[in-house]
């Protein structure tokens with residue numbers, strides 16, 4: 001008789017502590033330098049796997065999006081493992097969609113990390129990252145967690161030391177930002193083509209910064225220059241965060257969510273009051289150690305070691 005294996009997962013959101021667009025590459029994509037950071041805001045994903053002769057995938061979620069990223073992730077990881085089985089998933093969204101917080105990418109990464117464990121197979125991190133990159137440029141980051149530098153399209157990753165614990169808020173004003181248009185508007189402002197010399201100068205400037213929460217005032221998000229022109233309300237929200245005492249306030253990704261980090265917890269309540277009716281979430285930064293501890297706790301029934309990615313106790 002086949003045994004069904006279950007897991008209840010939290011798929012954490014991310015913010016960008018810094019985001020620079022260096023220019024447009026010959027392949028048509030933009031060269032990025034960014035600092036990713038996981039935060040406590042999360043979706044929940046219940047997933048079960050039952051060995052079977054053929055693969056079937058069922059997803060229950062209120063959004064009812066055709067070809068949801070988690071379904072694509074499940075299909076791709078099953079193909080990579082050359083495994084078959086019945087997969088049932090229930091996704092509960094809390095991370096605002098299309099806000100620059102990586103919710104869909106994190107959900108997909110959760111499937112990539114969990115399914116090999118439940119299916120009793122091994123997929124090394126480079127293979128998972130390759131699958132993740134095909135799903136979306138942010139997905140590989142959620143296979144690492146904590147803080148990391150992202151280069152290229154953002155999917156080439158270099159883990160950074162964990163930044164000190166800090167609390168804050170994420171504001172989701174519900175404004176739709178056309179990411180493709182934001183890139184086009186930003187491209188028109190970039191000086192010339194991305195020559196090797198220009199790229200190296202911009203990379204040196206980026207790398208010369210010290211990435212800790214004490215120096216975040218030096219950070220920036222290049223998208224703000226064009227997105228704030230189209231959506232002045234977002235600029236007003238950032239000003240309110242600064243007025244409330246945020247040590248760092250910035251748009252995440254291409255928007256429209258913004259975040260503020262605070263050294264004074266009382267300032268968080270001031271910020272929430274100033275933000276009025278806009279949807280606001282209290283958050284904390286999640287270190288890589290804590291991120292992986294959350295995963296180990298969620299998958300403890302099915303794992304047998306502390307290596308990363310998690311290894312299944314059902315491996316042959």
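Note: Cβ is positioned from N, Cα and C throughout, glycine not excepted.
Feature annotation from Swiss-Prot assigns active site to 14, 138; the stated evidence is sequence analysis. According to Swiss-Prot, the feature ATP binding site maps to 96, 97, 98, 99, 100, 101, 102, 103, 104, 105, 106, an assignment based on sequence analysis.
Known features from Swiss-Prot, placed on the structure.
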residue: 14; record: active site; contacts (Cβ under 8 Å, 6+ apart): 36, 37, 38, 39, 101, 102, 106, 138, 141, 142, 252
residue: 96; record: ATP binding site; contacts (Cβ under 8 Å, 6+ apart): 103, 172, 174, 257, 279
residue: 98; record: ATP binding site; contacts (Cβ under 8 Å, 6+ apart): 176, 177, 256
residue: 100; record: ATP binding site; contacts (Cβ under 8 Å, 6+ apart): 16, 177, 251, 252, 253, 254, 255, 256, 257
residue: 104; record: ATP binding site; contacts (Cβ under 8 Å, 6+ apart): 68, 69, 97, 136
Apart from 96, 97, 98, 99, 100, 101, 102, 103, 104, 105, 106, which residues in this chain have a Cβ no more than 8 Å from the mean position of the Cβ atoms of those residues at the ATP site?
13, 95, 253, 257
Does DSSP give residue 14 (active site) helix, strand or coil?
strand
Please state whether DSSP places residue 102 (ATP binding site) in a helix, a strand or coil.
coil
